[in-house]
């Protein structure tokens, strides 16, 4: 047997010749080349999927190497998709792998692009991208297998338009958020300080030039402390001097300016609001020169509190950790101070050499050092336990613990569900969950039908080929709706473009409204009685005549279908059976109409024959009759037919009374 035949012999024996041959011509899209993606790519290559497109935006980090086995140390900083394809290709030379280093949400990956695939396999790690792929697959009518893991837990969900529920049929929990004043003024947990360093301070110093007034306005509307918010506004406006120093090549004290502004002046401003600290421990201002010269003593600023009992010796919490690893080592106050100065100078140098803005990235050493130092310094000031560099990376980067074994199990289940979809064996589809139950580690649940009120899979989808620079919104709308004069609203994602009371955009081109390739033009019935039409925008064909309209309408043109209304069941209060007789009714002639008193049933005391239920389960009487024995209700009962006696094992039609067994129940 040749090497090529031997390689596929086992898969062909398991799958059958017909399905195995079908896989060689199957065009599959695999989105994600991380923990699940590496295992899944290996599986589909060895199974024999013939044409594989692998797409991933990320690059390889050294922290990936413990579980993403397609990568090696020499591959760090390279594209995951490119390296994974190169590593997996030799597993099966008959398979063609096309790697793409890109973002699945880019406009060139539109509905038309998705339609070329027979199935899509998701191995993503963020909610936004999952929702995007789900909507694209619903619009393109392509089967999708969704998956995810979290430590020892995992799940696989096959999705098919019009057959199963989609990813958005069940609302997903929103990410946890914290009040602005908690983050900016009164942190009480390490995560508060990490979020502050990552989202607020990082943006103020190295991000776009914003004064954060919008966020503060929203917080004020939600009823947060007005005096505190006004102080925060002044703090945000004072960042301009520090920002200018960070970007000025001649400035040499940018790190000191930032430190004194954030950890000294801002804290002193908060301490001036005495009412804020009546029920909580006040923070202590940190002094740049005192820490630099090892003369800083927090005991002179405030009495010690329980969570800061180890701060006087320069330790910032978790002093029991004796690890010598860089990322897992406990940092002292002086360590965090030096890390802050170093990371601030490094980030400032990057801005001075041409970078416009810098945002946090867990794989960016400079930004991770900055967030680690700032969050720990803030924790020190507020008497909160600090975190190691690894813990900050895990929390700031929203890293979910990943276990290679869990990824491998999920990747295998994904392939099994994909095979059911390709065979159209929809009755065998299952939602699979890995659970923490040793007796039942895998839970298989039957798929649910689509949610009739889902805002994604219940839409009517169609593709609109157009030139957005020439196509006018009003023209497209009139061509799609035709003679239907029903009031509708037009949206792009959540942006309102037009409605019956706002028609200024109807004469504008789609491009001027930022409605371009890869986006959806959504037409919504204002009364909510009809379904929503979602037009997926794609490019015109190359041979489209120049003098023709700048769009090609879908054929057939989708119609607004009646939307099923939710059935509201009003529970009825059951009537309570009264124990009293109803009030008498007075007739026209003045006579009172009284209902007779109901008679109580009398107990059976005279030994009369009870009625039998012919449909009851087999009883003692029936069993005896099957054995040739007649059960009688009493000694005085007379048989209508002559009994059959049993004598010496033979049947005798002339039996006597002694041959009859009488059972009195």
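Backbone N, Cα and C atoms are what each Cβ position is placed from, and that goes for glycine too.
Predicted, not measured: the structure shown is a model, and the values here were computed from it.
Range 295-325 is the one annotated as region 'Disordered', of 233-263, 264-294, 295-325 (source: TrEMBL). Taken together, the residues of the domain 'Ubiquitin-activating enzyme SCCH' (321-393) have an average pLDDT of 89. Sorting each residue of the domain 'Ubiquitin-activating enzyme SCCH' (321-393) by its DSSP state yields 43 helix, 1 strand, 29 coil.
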